[in-house]
Amino acid sequence: MKKILFTGGGTVGHVTLNLLLIPKFIKEGWQVHYIGDKNGIEYQEIQKSGLDVTFHSVATGKLRRYFSWQNLLDGFKVIWGIFQSLSIMLKVRPQALFSKGGFVSVPPVIAARLSGVPVYVHESDLSIGLANKIAYKCATKMYATFEQPSSLTKIEHVGAVTKVSGTKSDLPQELEEIRQYFDKELPTLLFVGGSAGAKVFNDFVSQNQATLTERYNVINLTGDASLDVLSDRLFRRAYVTDLYQPLMDLADVVVTRGGSNTIFELLAMAKLHIIVPLGREASRGDQIENADYFVKKGYAVKLEEEQLTLEGLEASVEQILRDKNTYYQAMKNSHEIKSVEDFYAVLKNDINKGKK
């Protein structure tokens, strides 16, 4: 039986693509294994999916770009994780390893290279993350959402892989109930901060609720169930599944962080969006780079976090609604989206060519 290993975790963004690809391999008769951290979100997501996947937990350490004594301890964890991953490679004997990145992916990627297992890696951001910089050295091929320097010869630019499209979804009954609380004469804003919500958006909506709901209908996906409410011109919910696409359809403008997965979903849907990226003090600056790229391409408006005030938001909303046709045209003319089916075909073809 053909066998494939997946790895990636730490955030939902490092797991989502794996969860889209795994069913396709299973359908074609592959035995699927996953290497991650049993205490990580990757284990939770695999369990929730109900997919027939064998999960292997290994030790891992956080990769830091700054000096910390914790780096020493985590270095030993990574080394132990490599030995654990080597044992898994010898036991499973997979045809390939596919990595979506995140620090948990480093031990299995290195172990796969040492074992002679072909390694395929996906990078979502404009600048390659630290884990994937290591993975690139071990990779048979790396697939990139953004164009990368030609000097990186193992990289293939494939665009963003997403199952989202611009097709309107069916309207569930709950959406009709929400719409009854909204004012048809006001624009609808949707605040979304990624898989765990964004505290800055939650605080902004809470602190400015009265004024915001005078000017807009507000949807706030919070990641915090204690904030759940449905009232006049306001809907706040911790998490949504079946409602996600209908709520996106309902929104006139989406206010989002700058994570690659989310903004490319918005591009695929051709949704007007304002990007409020995480600053360099809270990240490696990848969201700022992603936002700048989207602004340069004419897909979005960028609003710095310190400018997220009532006045700053209103100016950004007015700008994007005033020039909405220009933004719509730029998004609809883009060629940066690849379907899951198309990417699966590319990956499977490369795996077949890479078999020894």
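Cβ coordinates are placed from backbone N, Cα and C, and glycine is handled just like the others.
Secondary structure from DSSP puts Gln287 (UDP-N-acetyl-alpha-D-glucosamine binding site) in a helix. Gln287 (UDP-N-acetyl-alpha-D-glucosamine binding site) is surrounded by 26 other CB atoms, counting those within 10 A of its CB over all protein chains shown. The UDP-N-acetyl-alpha-D-glucosamine binding site annotation in Swiss-Prot covers Ser195, Gln287 and is backed by sequence analysis.
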